[in-house]
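Enquirer: Here TrEMBL flags 76-410 as domain 'Aminoacyl-transfer RNA synthetases class-II family profile'. Annotation comment: TrEMBL describes Glu147, Ile148, Thr149, Arg177, Gln191, Asp195, Arg335, Tyr339, Tyr340 as L-histidine binding site.
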Amino acid sequence: MSAVPSLRHLLLLRPRLRFFALSTSSSPFLSYAPSHHFSPSSLRVLSSSSSPTLTQEEADEVVGKGSSLIDVNPPRGTRDFPPDDMRLRNWLFQNFREVSRILSFEEVDFPVLESEALFIRKAGEEITQQLYNFEDKGGRRVVLRPEITPSLARLVIKQGKSVSLPLKWFTIGQCWRYERMTRGRRREHYQWNMDIFGVSKVRGEAELIQAIVLLFERLGINSSDVGIRVSSRKVLQAVLQMYAIPENLFTQVCVIVDKLGKITREEIEKELLSLGVSIQAVNGIIEVLSLKSLSKLEEVLGSEEEAVSELKKLFSLAESYGYADWICFDASVVRGLAYYTGIVFEAFDREGKLRAICGGGRYDRLLSTFGSEDIPACGFGFGDAVIVELLKDKGLLPDLAHRVDDIVFPLDEVLDGTASRIASSLRKKGRSVDLVEDKRLKWVFKHAERIGASRLILVGNSEWERGAVRVKNLSTREEFEVKIDELV
Ligand code: HAM
């Protein structure tokens, strides 16, 4: 018996497995597949990371005693992309690309494997503790990148004076983080990034937020489903100045206070106190971070403060762009990455069920941490996992069934050459054609329905003698005899 169990074996031999196949859903892209029929893609639930793994006994039953089935699950926290999931992913990426094009960004790409040095930062960020890092065969320390921003910075430095500023780049790539998994958080995910280098004004952030809003709108999400919380790291900087906290503690303070709401206030206090921040300053910081109104912030920091004027400018630009109802000021947004220096933002679902949908901000001093001259920069990362969860919850997943234009089916084996010629000629004209052989006509009709074919082209002996084929229009059910050279 073959080592790979056939679908039929699984269905015939294991009724219990069949139940799992039809009812279990675990991948963020999963459950999109209609469950009323058992398509090959439904089989993937058997191999998804959280579905039950086959026991040895079950495996023996499927493949025959003596041989052992390898673990068909991808590594924990990672995903396979069977056709239904791949269609959904492509659809999402097309939307990412289209929005980037509309905003006049150019696409770039980087290796998933990067040198570890690019990601070594000392601020105690979670991301640096989640690295997939190892030594390659040449003894070099490398990582599977957890994010794309450092690679982007590396390329900007490498390109040097040859790039003309402002530079607007986008990329879509896989990132790896050894995460504790929750809904929408995985060990690998794809991130759409849009970044601008060379714009120091909040125009940069305003453009990025428009891109995010346009994306949501394209996906059918509106401002009552999702909001974008905005603040600025300069708020915290101003508070630290008020309490005369040394500048060199700024990044560490940011990373610690980003955990507000994730760990207890006592733990935050403990961490800040251990940095040497006074209890009065800790209370002051936490108080300011609870502000949700820009006018209150202005009262506390004064209208001269850069944080206040920049945020006010951003909110006034938001009115002009027409997305003011999407954004709100929330001083608690700090973001967990060390390099942010100014405005920071995160999109969230208003029902509060999911983790951040996307996030970004200004990072004007990242390049100097790599020994280069700084260039003002801002950007965001938008993952592929949380958004799919949200679309699922809102019933907004698109109908993306596999579609072909024509099925070409020779009714006699001797006509396989003719069928190949017909399929080839239609394909050269740009039609998608499935050439089917060795099946019963009944199966071919069912198959045509399943893949939504618009025409069935039957190549039969008697028609072929007249240089023709039978063409069945599957939507009107009409059937014609069509001369080969008239077939388009
Ligand atoms: P981040 O907030 O760490 O920022 O990630 C950005 C987005 O990536 C998150 O909002 C989420 O959509 C997605 N994401 C992150 N981790 C996971 C995970 N484990 N599973 C699924 N999705 C995830 C950054 O990475 C910054 N480099 C973004 C940036 C670009 N800032 C400026 N430019």
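Glycine is no exception: its Cβ is also placed from the backbone N, Cα and C atoms.
The shown structure was predicted, so the numbers you read here are calculated from the model rather than taken from an experiment.
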Enquirer: Got a sec? Which of Glu147, Gln191, Tyr340, the binding-site residues, have CB under 6 Å of any ligand 1 atom?
Expert: Glu147, Gln191
Enquirer: Compute the average pLDDT of the predicted model within the domain 'Aminoacyl-transfer RNA synthetases class-II family profile' (76-410).
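Expert: Result for the domain 'Aminoacyl-transfer RNA synthetases class-II family profile' (76-410): average pLDDT 97.
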Enquirer: For Thr149 (L-histidine binding site), just give me the three-state DSSP call.
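Expert: For Thr149 (L-histidine binding site) - judged by DSSP and reduced to three states - the answer is helix.
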Enquirer: Measuring Cα to Cα across Glu147, Ile148, Thr149, Arg177, Gln191, Asp195, Arg335, Tyr339, Tyr340, which the record gives as the L-histidine binders, how far apart are the two most distant ones in Å?
Expert: 21
